[in-house]
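Q: Have a look at this one.
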Amino acid sequence: METTEAVLAQRRQETLRDVAEQVQLARTTRQFFDGLAEMTARNPKDVPFLLCYSVVGEAGGAQLTLESSIGVPKDHPAAPATFDVLSSSIDPTSRPVSGGTRCVTSYDDAAWPFAQALGSRRSIVVDDCSKIIAGLPLRQWDHLPESAIVVPIWTDTSTGLPRAVLILGLNLLCPLDSAYEDWIHVLGAHLTSSLSSVRAYEAEQQRLLDKERMERAKTAWFQGAAHDIRTPLTLVAGPLEDTLATALTPKQRSSLVLAQRNVARIQRLITSLLDFSRIEAGKLSGRFVPTALGRFVEDLAALFRPAAERRQITFNVELDPSESSVYIDPLLLETVVTNLLSNALKYTEQGEITVRLAYGSHADIDVIDTGCGIPAGELEAVTDRFHRATTALARGIEGTGIGLALAKEILGLHGGELFIYSQTAEETGGPHGSTFRARIPLVERSSDLDGPEPASFGAYGKAVAADAMHWKQSDDWLGTPISETPSDSERHMVPADVPVFDATDTVLLVDDNRDMRAYIKRIFSPYCNVIEAADGEEALAIARANPPNVILSDMMMPKLDGHGLLVAIRNDPRTGLVPMVLLSAASDDEVRFAALTAGAEDFILKPFKPKELLARVQLHMQVGKRLITLEALYAQREKEIALLSDYCPSGIVRADAAGNLQYCNDAWRTFAGMGPDDDPLSWPQRVEKETLARMTVQWDEIIRGDQLETQMTWKWLTGKTVSATFIRLDKVDPAMSGILGCVSDISYQEERMQEAERRRVEAEESKRQQELIVDVTSHEIRTPVSAILHCSSLVKENLAAIQAHMERGDSLKPSADLLRQIRADIEALETNDVLSLARVQLDMLTFYDVDMNLRQQAQKILAVFGPEVKMKNIELRLEFGESLDQSGITTIKTDHVRLGQIMTNLISNAIRFTAPSSVSRITVRLDVAFSPPMPGTCAAPPVGRHLPSETEDIPVWLYVAVSDTGPGLTPDESAVLFQQFSQGSKMVHSRYGGSGLGLFICRKMAELLGGRIEVQPVSEVPVNTDMLSDRMRVLVVEDNIISQTVLKRQLVNAGLTCDVANHGQEALNLMFNDKTQTPEPDVMDGVTAAKEIRKTEQSSSLAKQTVIALTGNARQERIDQALAAGMDDVVIKPYKLNDLLERVRKAVSKEEGEHVPS
């Protein structure tokens, strides 16, 4: 087994070696396939048959061509000569397989799987090929092979199709194991490498062949073109010379001299092209004669000295004194030296030119200049035909690029060489220039002709030197040889068919060729002003300083070419609208397209017709003038509109059809609170939310077109209120789109309206408060006055009874209590809240600080309420905090009257709200401290702070707390408790009465005294009341105890049976048939009680009752309100008792039932 494997390996290795050696020698595809077939034919055991196909095509489709075969007869079906594979069968993105499975099995037994091999780029094993190869001759074994493998061979491992396909028959007696497969894979790799080399060699050979054909075609073209051009040039040059010999005007002679000079330039160019063609054809031979080279060089240099001196360039000639004769062709070497000298003049703007001749082993002619130099990377290519250095192109220096190439070829004919040494200013940062060295061997040479022919030495050099006198330089030294400015008569002699110019029209003519500038200037100068510029930079400076009406420029120029000038002109706002026409000798469409794309108005090819140039330039000039005028007017209007928009106090906006803001002026941004850099599209985010939704609906309507015009009002977050009018532009013109808007600031009007509304509300509130003050004042003053009057009447009537009581020694305590209460009412009248309110509103409330014994003053204030709390069964306590004892303070300085008023109001409120409670207790507590309370509270600070050693004239804080067991307050009621005329809720006034001024006055006084006041509500204590007897005939309902007591006594003295009730609800509970009550009692006022009585009467639950109102409010409105509620009559306090009794009798007499006259 080991011997068999070794034999197989050796045999296959020998085949690989033979194939590799053979195909490496191949230089063509045919040699490659023939060598492959020849070498594999030596191994019939492992290669029973072989088919080699080349592949032509790409991924779109391929054609396979049979190149060679082994063991397959010609025209056998297994080996078609060509085979086409459709593109649909090939995967264009397939790549060669590296590693992994290298073979794929095909079970198609009818045809070779070419498409599968090309598409997958894998080897395809044909499992059964017996039908395909049926009929093939036997080569080694007694039977034909049963299987084969299709192997693709490629030349590009990344893209493209394989370039060959091999079909190998497999060894019948040896299975396709890994060793067999590796051998086939290595064989394919060798073939791939070799085929790539062969195809590369063929491509290079084809390139060289194509180049050779091109050179031959070019030479032939040069020869034919030179001949075809020289003939007409001769016909032009002859008549020119004849015409110049005649009498001519200066202008005519100048034009003809210009034409003659340029004809000579063309003739020299044609001669150079012909020399090239003769050199390439090997037909140019030299007539070498011994020549005194020093004299030869000196004579040629002398021809160019005037041109150099005219350019103010130093011209040096340095000759080796050891003169010797050198074999040269004078005409050909004249061409070389002339070309070197003309190059030096072209590329040297200032400095010097040196011509040097030196002898050594060779004769060296050096031309040294201080010109622009040649970049190091271009030195080798500078002698190639038609190559021009980038420094020359950048400076717009004219040339054909054949002078140095021709010099090199001519020196080659002399057995010499051309050496070039050069450096640019960019490379050295300093000195720059070039050295051209023509080296000629010092050997004797024989001429190809029998003898030298006399030559016209210097003709070529003289022509070039004469032409150099006219090469471009600044016009200050060139001057104008012949006047090119037309006279006035010439200006007025304008043909009828010439476009009309204005006298002030100006053409800026830009061309580096002075002759071309002179020619074009003569075309335009009779009709308009012409300004000349020699390059793009000069033209750009002139145009920026004084923009012309049109610019006519050449494309190829030094420093800045025509295209660069065009870009600079268009990018400068001062010249951006100046029309520009370009002239060019290049007919390339790409150049024309680039110029027009960059903004050129026209692109005219050379040669041009003068009249056509004149007409086209004039057309663009007139269009440009109109465009500039329109743009100026547009810019002026734009500035005016911008100025108007910026200074307009109204906001101006423009939006597109989708509603996106494209413009907004400064006023709009100010309204919206936008900065200069803020995005205008963010304006909805700057509108107050209260108006944004409504405004958005209107904005969407005008965007959709539901509304062509709309008005909106909204408020910005800046506080500005604006009114806007928006209009769709298609309403004005259907061709227009977008939205325009004008926004006005109406904040002032809005503020005035709000101010007017506020004042109206304040006026109404003031009126209401005035009425309320009148009501309260009337009630609060008339009630105690009425009590005083009637008490004094009772005192007078009962004086005798009082005296009798005193004589009998009876106690007078009730009368003494009554008198103290009367005195308290008088004091209350003096410190009435109404009067205090008036002083507060007028800022006339004054304070007088006096020394006050704190304990005595507090006891005095509480003593006033003794009878009332005793009558209402209320426990009134007075407590003094520990701070009084610890501080030792007994006297403080403050306004005792205002302090007493504050405490009186607080205790009065506590009595009013505590009386109905089941637990009636009021506690008044006083504390002092040397520090203010903590923020947010009026509670006294903790006791124990270090007391000052001296307490006189030290600020002290007095803390007064009045607590009761009344119903308490809700948080909402507490929040408004200290507001003017506020009683927490309407229910409080209905149930407990009051004016709503007391606590307001307390807060104001506390603040004016340097303190503050607060409330700490507690839960309400349920009230239990006992039912009163209903046997009474007359009921007095009065909340004021004095008035109640006095009125009851008056009615009893008048002979009426009388009882009293403190509020309307008590009266309703008693259900008496004859009632006299006040409209402002506790719990339920008189008006409400009257309504309830009348309502009960309508339900037949109560007989008709007589109700008389007794009130201190004398306003007619209040009287009408009482009568409307169902009261029979209204009596105003202070009343006269007789008048009251009379009204009671009259009211009772009208009613039926058991009523006692009163």
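Glycine residues also receive a Cβ, built from the backbone N, Cα and C atoms like all the rest.
Keep in mind the model is a prediction, meaning the values are calculated, not measured.
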Q: With the ranges 74-101, 746-773 to choose from, which does TrEMBL describe as coiled coil?
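A: Based on what TrEMBL states, coiled coil spans 746-773.
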Q: Under a three-state reduction of DSSP output, how is D554 (4-aspartylphosphate) classified: helix, strand, or coil?
A: strand
Q: Inside 10 Å of the Cβ of D554 (4-aspartylphosphate), count up the other Cβ atoms and send me the figure.
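A: There are 24 such Cβ atoms around D554 (4-aspartylphosphate).
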Q: Kindly report the helix/strand/coil residue split of the domain 'Response regulatory' (506-621) according to DSSP, in that order.
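A: Looking at the domain 'Response regulatory' (506-621) with DSSP, the answer is 53 helix, 24 strand, 39 coil.
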